[in-house]
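J.: Feature list, courtesy of TrEMBL:
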- 28-53: transmembrane segment (TRANSMEM)
- 30-477: domain 'Major facilitator superfamily (MFS) profile' (DOMAIN)
- 109-130: transmembrane segment (TRANSMEM)
- 137-158: transmembrane segment (TRANSMEM)
- 164-184: transmembrane segment (TRANSMEM)
- 196-216: transmembrane segment (TRANSMEM)
- 228-248: transmembrane segment (TRANSMEM)
- 288-307: transmembrane segment (TRANSMEM)
- 327-347: transmembrane segment (TRANSMEM)
- 359-380: transmembrane segment (TRANSMEM)
- 386-407: transmembrane segment (TRANSMEM)
- 419-440: transmembrane segment (TRANSMEM)
- 452-473: transmembrane segment (TRANSMEM)
Amino acid sequence: MVNFSVSRKLSLGSTDDEAPNFKHKTRFIILVICTLCLSIAQSDTLTLNFTIICMSGDGSSQNQTAIGHLEDMEMTMLNTSGTFVHNVETMEHKIAEGRYDYSPSERSMLFSLVAVGAMVAVYPVMLLIGKFGSRSIVFWMGMLSAVTTALIPWMAYIGFYPLLAMRFLQGAGLSTGFTLIGIVTRQWSMQVQNAFYIAVLTTFFQIGPIFTMPVAGALCTSSLGWPAVYYIHAVVTFGLFVLFYFFYRESPIRHAFVSSKELEKIQRHKGDGKREPVPIRAIITDPAILSVWISAIGNFMGIQLTMQFSPTYLNKVMGFAVEQTGTFSAIPQVVTFFLKIVAGYAADKMTCCTPQTSVKVYNWLALGGMSLSFLGLAVIPVSEPVLGLCMLIFSCSIIGFNCGAFFRSSAIYAAQHNHFIMGVNSFLNCFASLLAPVIVNIFVANDTWDEWWWVWMVHFVALFTFNIVFQIFGKGVPAEWTKPGYRRSGATVYDVESVPKATEQVVEKEA
């Protein structure tokens, strides 16, 4: 029997080119695997959004207390007259036949606690990645996402608060997303492919719902029932993160399938790659980074508004039928997916202007374009529903240019420290998901055109202003604090590994 490992000793300067190297394209295998892992983690958090209607359908009501449900579960699982498999099937039948009705406030808590979990976990996860590396931490957070997703039907049966706890932990499982994007972009992409890597990795926002919507729709109405949605997602999550753990390495230097030719391409123009602390004080006081974060909050505000409320707006304001709103709401996700790929590729290949100019042009297209589309939605009357639908699709899609905008700016400007900037972006995304319903609830009570006018105008002003800030302070060249030997006396630092530690034990490829 022949066993292989995808690691090699750090002392080796290059990989034997006779070893498997995927035609010097291992970095793209890493890109695909990481994108799929981010996507399934996003999908796991969306499962409840698409199954909550099925869960509250016909069935026996759940009037027992949580203690009563626990006792019932214990008696069912420990039933001596049946086998373990039979007892599990019996319990599954009880779960699927149950009826789970939640009040509007309870639904709001279930949806929002995912964001709270991610926000709470972001900084601890960043510290853990700094101490143990991204491979192990991302893997275990993926396992957390898989386990909590599989347990959701069981926790729903027990009671509301156990289900609430699972939603919080699901959000924690999503907290590694943007930090991993920053690390993979820096460590695995060629310097001239930053925007393309960012574009592909951030498509997890689109791939997640594209996967979950049809799966949930098919299984909810099948003989398997709505719990199967969670089990399918948990199995896929487990499989993808096991694949991630097997194939992913912190750096191409460690990967046995990276040839010397590919390694040279990846490391070209990236400096010496020495392990450096993150100069937090310099970063958080840098106007260019602050403009990146300001653009990020505007970007996520627009995304969360359209993602959460497009179906409501199309149905309640523009008068589209319920069965149409689901399809129409999915169209922008598909369009944005392809637009991101094209925009990222074009940003890297653009030779007509410098990166300094390119990131600002792309920011105008992304944030500026979305802000102007919100202005358009504010003036399109209900008598023109098709025009309103087209403008909404445009607003959701144009933001796909963000991969070449502030995202690319931070990749260039922060260089080896971009994972920290992306970690903060993860927090901002969660904050925006909590902020979106607050803004809507302030202005919207009856879902009238006049009420939604205020929502669109607030977002138009915010995004337009945030884009102007980036146009003034945004950068497309490396910062001074990214240059070799940068140190500032008394600066707060954050240790994150940028190259393999010399003491780490790595197993050679063995026969």
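Cβ coordinates are placed from backbone N, Cα and C, and glycine is handled just like the others.
Predicted, not measured: the structure shown is a model, and the values here were computed from it.
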J.: Is the transmembrane segment (164-184) in contact with the transmembrane segment (109-130), using three or more Cβ pairs under 8 angstroms as the rule and ignoring pairs under 6 apart in sequence?
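T.: By the criterion, they touch.
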J.: What residues elsewhere in the chain lie close to the transmembrane segment (452-473), defined as a C-beta under 8 angstroms and at least 6 residues from its ends?
T.: 287-288, 290-292, 294-295, 297-298, 301-302, 305, 313, 317, 360, 363-364, 367-368, 370-372, 374-375, 377-378, 405-406, 409, 439-440, 443-444
J.: Across the whole of the domain 'Major facilitator superfamily (MFS) profile' (30-477), what does the mean pLDDT come to? Round it, please.
T.: 83
J.: Is the transmembrane segment (228-248) in contact with the transmembrane segment (137-158), using three or more Cβ pairs under 8 angstroms as the rule and ignoring pairs under 6 apart in sequence?
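T.: Yes, the stretches contact each other.
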J.: Looking only at residues six or more beyond either end of the transmembrane segment (164-184), which have a C-beta under 8 A from one in the stretch?
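T.: Residues 30-31, 34, 38, 41-42, 44-45, 48, 109-110, 113-122, 125-126, 129, 134, 137-138, 141-142, 144-145, 148-149, 151-152, 155, 197-198, 201-202, 204, 250, 410-411, 418-423, 425-426, 429-430 contact the transmembrane segment (164-184) from elsewhere in the chain.
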J.: Sort out for me which stretch, of 28-53, 228-248, 386-407, has the most Cβ pairs below 8 angstroms to the transmembrane segment (359-380).
T.: 386-407
